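Enquirer: Below is the structure I would like to discuss, written out as structure tokens.
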Amino acid sequence: MIQRLLEVGVVKFGDFVLSSGLKSPFYIDLRAVLGHPDLFQWVVSQYLSTLSKLEYDVILGVATGGIPYASVLGYLLQRPFGYVRPEAKGHGAGRQIEGAEVAGKRAVVVDDVLTTGKSVLGAISAVGEAGGRVTAVVVFLDREQCGAEAVRRAGAGVYSVYKMRELLEALRPHIGEGQYRSAVEYLSQWRC
């Protein structure tokens with residue numbers, strides 16, 4: 001299935017600017033998985049394996065990348081589910097967290113990719129302000145660009161299905177030595 005991530009465009013190589021503003025020689029678009037039910041099912045099974053080792057009361061997806069995964073995981077695990085917006089809505093109920101009640105609860109935050117941790121840290125802050133506590137963050141991919149360290153400093157455990165170097169190693173036969181070395185060299189600049 002790892003090779004399928006490349007085939008369907010989840011993993012791309014080139015020159016990209018990430019939502020964090022960082023430049024990168026590769027891009028991970030886990031949203032592309034949504035159009036491939038077999039791949040989506042496999043990704044969900046990887047999340048399930050990771051979540052089975054954790055204790056929590058509610059599952060919260062980070063908008064928008066974590067929402068499809070967190071909703072399916074909540075359904076399959078029969079756990080209350082919700083999602084966290086980057087900021088409260090300016091209309092309606094004006095909520096930042098929708099769905100599951102978090103006050104007094106242990107939450108696991110689900111996102112697709114972890115880079116600097118900015119969006120996940122925003123979710124951790126929102127849950128804390130609502131009276132809950134994020135005990136763990138689960139992502140499919142940790143890009144190994146200091147996000148995990150930032151989340152740990154905020155008091156939550158970090159669990160990833162893959163780390164970027166692991167994914168690159170698995171894809172190495174399919175991407176060529178040049179792209180592999182370029183990506184690994186790029187990652188080597190991050191000292192957390």
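Keep in mind that glycine also has a Cβ here, set from the backbone N, Cα and C atoms.
The annotation 5-phospho-alpha-D-ribose 1-diphosphate binding site is assigned in Swiss-Prot to ARG85, LYS89, HIS91, ASP111, ASP112, VAL113, LEU114, THR115, THR116, GLY117, LYS118, SER119 on the grounds of sequence analysis. Positions annotated as orotate binding site by Swiss-Prot, on the basis of sequence analysis: THR115, ARG143.
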Enquirer: What is the number of other Cβ atoms found within 10 Å of the Cβ of ARG85 (5-phospho-alpha-D-ribose 1-diphosphate binding site)?
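Expert: Within a 10 Å radius of the Cβ of ARG85 (5-phospho-alpha-D-ribose 1-diphosphate binding site) lie 16 other Cβ atoms.
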Enquirer: When the Cα-Cα distance from ARG143 (orotate binding site) is computed for each of the binding-site residues ARG85, HIS91, ASP112, LEU114, LYS118, which gives the smallest value?
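Expert: Closest recorded candidate to ARG143 (orotate binding site) by Cα: LEU114.
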Enquirer: Who sits close to ASP112 (5-phospho-alpha-D-ribose 1-diphosphate binding site): which same-chain residues at least 6 apart have their Cβ under 8 Å from its Cβ?
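Expert: In sequence order, the residues whose Cβ lies under 8 Å from that of ASP112 (5-phospho-alpha-D-ribose 1-diphosphate binding site) (at least 6 apart) are ILE28, LEU30, ARG31, GLY65, GLY66, TYR69, VAL139, PHE140, LEU141.
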Enquirer: Have a look around THR116 (5-phospho-alpha-D-ribose 1-diphosphate binding site) and count the other CB atoms within 10 A of its CB, chains all included.
Expert: 19
Enquirer: Give the number of CB atoms, excluding that of THR115 (orotate binding site) itself, located within 10 Å of its CB.
Expert: 24
Enquirer: If you run the three-state DSSP split on LYS118 (5-phospho-alpha-D-ribose 1-diphosphate binding site), which class comes out?
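Expert: Helix, per DSSP.
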Enquirer: Counting other CB atoms within 10 A of each CB, which of the binding-site residues HIS91, LYS118, ARG143 comes out lowest?
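Expert: Comparing Cβ neighbours within 10 Å for the binding-site residues HIS91, LYS118, ARG143, HIS91 has the fewest.
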Enquirer: Provide the number of Cβ atoms within 10 Å of the Cβ of LEU114 (5-phospho-alpha-D-ribose 1-diphosphate binding site), excluding the reference atom itself.
Expert: 28
